[in-house]
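Asker: According to TrEMBL:
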DOMAIN    189-271  domain 'PA'
DOMAIN    370-577  domain 'Peptidase M28'
DOMAIN    640-754  domain 'Transferrin receptor-like dimerisation'
TRANSMEM  18-39  transmembrane segment
Amino acid sequence: MDPYLPNVRCPTMSKGRYIFLAVLCGAFAFALGIIIGWFSKTEAGPGLTAEDRAALDMYRESIEDADETIRDHILTNIDAERIRENLRELSAKPHMAGTPPDHEMAELLKRRWLENGLDEVRLVPYDVLLSYPPLGREGPNNTVVTVDGADPAREFEDTRSLHIEPEYQDDPDAVQFFNAYSPPGHPVGELVFANYGRLEDFDYLRQAGVNCTGKIVLMKYRSGGRGTKARNAAAAGAIGAILYPEPADTNAPGGKVYPEGWDLPGTGTERGGSLLEPGDPLTPGYPATDYAYHLPEEKITVFPPIPLQPIAYNDAQNYLSHLDGDVAPADWNGTLPITYRLGPGFTGDWAGRKVALHVYTNTTMRRVYNVVGLIKGRLEPDRYVMLGNHYDAWVQGAIDDTSSTAMSLELTRVFGGLVKDDKWRPRRSVVFAAWGAEEFALLGSLEYVEQFTYLIKERMVAYINMDIGVGGNYTIFGGCSPPLVDVIYDTTKQVPDPDASLGKSIYETWAERDPKDADADVKVPKLGWPGVGTDYISFGRRVGTPLFTFAYVHDQTNYSPRSVYPSYHTAYDNMDVMERFVDPDFTVHRAMARISGELVRRLADALVLPYDSRKYAPSLSAFLQATEEDFGSMLHDQDISIDALRSAVANYTVAAEDFQGRVQAIDKKDPMQIRRLNDQMVQVNTAFIDIHQPHHFEKHVLFSPSGCATNSSAAFPGIVRTMCDGPVNEEGWREIKKQVAAITSTIQSAADVISDVDSILGPS
């Protein structure tokens, strides 16, 4: 047995599970038929053996619904000041993944969770490939500098970019500016400005006669991944890439920059990973355990192909203000006080200069840890509700994501206290997870899911994710699996808005501030399928776990839609920003913790899971409609029929309606029926996973991304992916035909999962 296996198959749990199932069947057959009938006549029950009484008690407990008074206890006892002190302690120093402070954080969380009353907590280690510049102020710095074009060894020191925020240059634990997994190198070339580094941006440069071959390309952050930008630049011929945070995308017009306000000053930039795919690059598809097979590093294909380095926007302004060439299109402009030009090269007193990148980043093997804690369920310990967030940060990360870690720590105190005091134990097991090395490439969570894929698929009732838990104080931004929509709405109706003066619930302010349909008479909050970028990805798209991910965000009225929050991934993401500008009273943290805690309680304690499988039907219809509208004629011309796909969507819609009717008519005195229907509610989510999809973890036929930057069709992603690059050849059409068949089969399988037991016989 793996010594690092999280406590999901401990002897006491297995014993409890078998006792529950064995006694439940016996109680249902015997106690229900004989004991209950007889006991109803003789309330005191004389003549019952101790074993009979135990069976009767077990039966009664198995059909009890949740104790709703526990909700009030949880909501009342979550303490804003405790969360503040948690955050102050946890964000006191940098804790980048794979470093000693990161390991100290994992040990601290384990110790506190146990003190707070969790039944068991373990550190789950993975040996992964990380990437760092020289650490601890030893060795050279990653920088950009202009050089004499005729003599590149001659560097103009007054143009050298900052290597770290000036306020942190004496902190040996604060890492300098870098993009993890960038190859090291020292390319020299003329500078070209490429907007966001998208394919369409390089197409524009090509049409404008700007040749990127042998050049260094300067690009804005946002509208694409870091590694993708480097890959696009390399495909255009570039030999190096520079990224900068455009203030039009990070700051409000006229906003005050830190420390006078929370907007990003011109001396900071975001660190970030640049792998082209998440997960440990040495062990794709498999967990990075000590027995794992590791690819030779030279076989890895997910590194960015050229050196990549981030700089602050003051330095970007310096380079852009001297750039030669045509004026950039109006929609490429930002808010720097310059004329944005394309290049290549410089003009004026910088004429003849080139740009040199000095990137000293290298890969190294490091051990990282997930912290996994368990409260064992009293009746269904083999069914899990998990709450997770990552605990690593590029620097202090008070917002990303130590805010979530601070809330999770408080929730272990509240839940653990109930267990320690014998006031409550959930029906199902509750799992707390603090993921390691998320910032590099979702490493901790993805490796965990790769290790426990089948256990999670069979037993995980829900995964609730927090990331950038409190990145603002305006409203919720979230996404979920369709069947969870109503339970999330209901939960947010129970939690007061952080601004008590409004006298409203979070649901009400969420619906007002971020409505699904702004023109609707009765507004409901916007809540779609989660996008990309954090730890829920492998749960949702590799396994199909029902999930919810959410954060509190800032008012974007005066901010670009590309804005995350101004100090994202910089050293200015600190406790001072949180306390002065984001959540001074920590009432937003308390509200977020209340939502998370109440969701965990409801899903762990509900007799009948509050899921609605019908919620998939509108998405299926929308995917089908987009497929018909965008590709129908082309499919018809290739003799590829979607009639069966159309039937599968209709079959699912009918099956879901029928299933929901059975759920609503459930006999709450029949524990086996309850267990069966609950399992079906979970399994229908995993049924949309097609293990034969080509990507090693993108297996969801509805909600995995198409990976196509040039086609925004809302059709089924597997079809869009193959249509992506223009004209389709014969092999491509075969793949599309295969995708249509796979999608059809998967949707029909989902319909079968929620059909009655005779569905095993096939169509009638």
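Cβ atoms here come from the backbone N, Cα and C positions, even for glycine.
Annotations in TrEMBL come from automatic prediction, not curation.
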Asker: Helix, strand, coil residue numbers for the domain 'PA' (189-271) per DSSP?
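Answerer: Helix, strand and coil residues of the domain 'PA' (189-271) number 23 helix, 16 strand, 44 coil.
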Asker: For the domain 'Transferrin receptor-like dimerisation' (640-754), provide the mean pLDDT of the predicted model.
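Answerer: Summing pLDDT over the domain 'Transferrin receptor-like dimerisation' (640-754) and dividing by its length gives 92.
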Asker: Please count the residues of the domain 'Transferrin receptor-like dimerisation' (640-754) that DSSP assigns to helix (H, G, I), strand (E, B) and coil.
Answerer: 69 helix, 2 strand, 44 coil
